[in-house]
Amino acid sequence: MLPGEGAKQPYVREMFDRIAGTYDIVNRVMTFGLDQGWRSRLIREMQLGAHAQVLDLACGTGDFLKAWSAKGAQVYGLDLSYQMLRRAEPFAPLVQAAGEALPFADASFDAVSSGFAVRNFADFAGVLAEVSRVLRPGGVLGVLEVATPKSKVVRELHGFYFGSLVPLIGGLISSDKVAYRYLPQSVSYLPSEDRFVELFEQSGFVDLKRIVVGLGAAQLLIAKRRGV
């Protein structure tokens, strides 16, 4: 069962605190290791210069932090879960906070990235408004998130894998069956393609680009903050 309105943020924080220790290995298994390549693709598509100041939102255990650091970016990580942040500690300065209330000054960053977090935010529209605020004019937002394949055959196979096998595998590895039942169910929180466009535009983003990867099981969203 998905958490009700008002209960989502504490539910998500507590859930990720519980599974932090096994999160990386389950993620690799769930995506057959492809998620690392998707992160690298997103970074390339964002086309940032050297020494860009980047915020990784919902940074988790630090996959994007490591990738950004390797590119020479000055990266900062933010996550709701303290236990996830503990595992990201060696890679960047870290802040425990919610995406809906970013503790940074206006126009602080050249870019913001986020991986597999949209469906876990309590208020995604509020997060976008905050991201727009902390980005400099012309700054880039890059999002990696799951998606629903268009092909009927792929969609049915993916639905069985993500809806039935992932909870089983994740539950066995993490000993937390509840968490890995939530993750497939949380896809219902995702905006539609058209709604994504509306939300980005309402928060001052332009030139939204959507790239489908993993046979349609994941998507990259890249947009620029309006301004020069």
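Note that Cβ sites are derived from N, Cα and C of the backbone, with glycine treated the same way.
Per TrEMBL, these features apply:
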- Thr61, Asp79: S-adenosyl-L-methionine binding site (BINDING)
Protein Cβ atoms within 10 Å of Thr61 (S-adenosyl-L-methionine binding site), excluding its own: 24
Neighbour count (Cβ, 10 Å) for Asp79 (S-adenosyl-L-methionine binding site): 26
